[in-house]
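Colleague: What Swiss-Prot records for this protein is below:
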REGION    1-200  region 'DHBP synthase'
BINDING   ARG27, GLU28, ASP32, ARG139, ASN140, GLY141, HIS142, THR143, GLU163  D-ribulose 5-phosphate binding site
BINDING   GLU28  Mg(2+) 1 binding site
BINDING   GLU28, HIS142  Mg(2+) 2 binding site
SITE      HIS125  site 'Essential for DHBP synthase activity'
SITE      GLU163  site 'Essential for DHBP synthase activity'
REGION    201-393  region 'GTP cyclohydrolase II'
BINDING   ARG249, LEU250, HIS251, SER252, ALA253, GLN270, GLU291, GLY292, ARG293, THR313, SER348, LYS353  GTP binding site
BINDING   CYS254, CYS265, CYS267  Zn(2+) binding site
ACT_SITE  ASP325  active site, proton acceptor
ACT_SITE  ARG327  active site, nucleophile
Amino acid sequence: MQFDNIDSALMALKNGETIIVVDDENRENEGDLVAVTEWMNDNTINFMAKEARGLICAPVSKDIAQRLDLVQMVDDNSDIFGTQFTVSIDHVDTTTGISAYERTLTAKKLIDPSSEAKDFNRPGHLFPLVAQDKGVLARNGHTEAAVDLAKLTGAKPAGVICEIMNDDGTMAKGQDLQNFKEKHQLKMITIDDLIEYRKKLEPEIEFKAKVKMPTDFGTFDMYGFKATYTDEEIVVLTKGAIRQHENVRLHSACLTGDIFHSQRCDCGAQLESSMKYINEHGGMIIYLPQEGRGIGLLNKLRAYELIEQGYDTVTANLALGFDEDLRDYHIAAQILKYFNIEHINLLSNNPSKFEGLKQYGIDIAERIEVIVPETVHNHDYMVTKKIKMGHLI
């Protein structure tokens, strides 16, 4: 498929056009027509109903939903993607509410600041969806994409979306979407590209605190940051004056290894080795909340159960439905840029960290090997990291 850039899509939306938004291939892997409510024209919903044929919904911000008392359709949402459907509505000035004109009127009234809850009949023929406050950075769905796109065009936070179906009633994917794009001369973007666009446009970290932190390995400055859109907390240890070319360790949090000194892995030993090195040579340790290579603590324990049954650290993650490594280093790159660090000597044995930082514009001048002893308990783990994950150990 041939995708357009986000800026061109925003321009099209602001001109009242409809675009195609495609989600992740591991999610629905489908394309929705998306329009911004404030900019859409009288033909938008008719075009969606005639050409796309899916369910026409109206994503809105939480503020709009709360102001108009748009309560959830069900108390117990069992949708596999957690889509926040509210009760369906028609504006009181409609008749049956189903015509394209009347659904357009209902959608437009959703963003009218003079509208009140009593102005909408329930149930109706338009289906509002409530977007997460942090948009696609919190949930990579079409609901959040529509509201984010509306905001990025300077419009009120609401849109209209409709799944694209083929003539035979199946969902349009891949080449079907490309053909639809070409037939109707529409812009087409991905939610992944929208996520990256927002990451580049908006600050993702917020400085919260700085303290002196005496440790068994020396006294460090400890900085606390908060990830703006995920609310994750990130700790940074530094030693000495921060330089533009700095020694840096990215360390993924490992409760079992770092705190309980588990010998299943080498994480705790790597952290101690890195703290000793940074204390002696100066530099920085960025402590990232990426437990279990991004799958979380409880899922890591589930992976350990599988390892006890004969799986290795890679196949266990795959068996649980995860990639072998879910980590992303964009937040780490943001922190480095916060400190004006342009070049780093990276303390790591993991090549994916090099590539992960390079894609966000961080220059890695040198790799510093982190040497830790192997134990009888982590031998198989170390072998798997070397053979299957390419670690330089």
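Heads up, the Cβ atoms here are built off N, Cα and C, so glycines get one too.
Context for these features, please: burial, neighbours, distances.
Modeller: Cβ neighbours within 10 Å of HIS142 (D-ribulose 5-phosphate binding site), excluding its own Cβ and spanning all shown chains: 29. HIS142 (D-ribulose 5-phosphate binding site) falls within a helix when secondary structure is assigned with DSSP.
Annotation note: HIS125 (site 'Essential for DHBP synthase activity') sits in a strand segment as assigned by DSSP.
Reduced to three states, the DSSP call for GLU163 (D-ribulose 5-phosphate binding site) is strand.
In three-state terms derived from DSSP, ARG249 (GTP binding site) belongs to an extended strand segment.
If you draw a 10 Å sphere around the CB of CYS265 (Zn(2+) binding site), it holds 22 other CB atoms from the protein chains shown.
Within the same chain, residues at least six positions away from ASP325 (active site, proton acceptor) with a Cβ under 8 Å of its Cβ are ARG293, GLY294, ASN317, SER352, MET389.
Long-range C-beta contacts of ARG327 (active site, nucleophile), restricted to its own chain and to partners at least six residues apart, with a cutoff below 8 Å, comprise SER252, LEU288, GLN290, ARG293, GLY294, SER352, GLY356.
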Colleague: In Å, how large is the greatest distance between any two Cα atoms among ARG249, LEU250, HIS251, SER252, ALA253, GLN270, GLU291, GLY292, ARG293, THR313, SER348, LYS353, the listed binders of GTP?
Modeller: 22
Colleague: I want to check the contact list for GLU163 (D-ribulose 5-phosphate binding site): same chain, sequence separation of six or more, C-beta distance under 8 angstroms. What comes out?
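Modeller: Spatial neighbours, sequence-distant, of GLU163 (D-ribulose 5-phosphate binding site): GLU30, GLY31, ASP32, ALA52, ARG53, GLY54, LEU55, MET171.
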Colleague: Which value does the mean pLDDT take for the region 'DHBP synthase' (1-200) in this predicted structure?
Modeller: 95
Colleague: Let me make sure I understand the structure: which of the binding-site residues listed (ALA253, CYS254) has the fewest other Cβ atoms within 10 A of its Cβ?
Modeller: ALA253
Colleague: Taking 8 Å from the centroid of the Cβ atoms of CYS254, CYS265, CYS267 as the cut-off, which other residues in that chain fall inside it around the Zn(2+) site?
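Modeller: My list of surrounding residues reads SER252, THR256, GLY257, ASP258, SER262, ARG264, ASP266, GLY268, GLN270.
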Colleague: For CYS267 (Zn(2+) binding site), which of these binding-site residues sit within 10 Å, Cα to Cα: ASN140, HIS142, SER348?
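Modeller: Matched binding-site residues: none.
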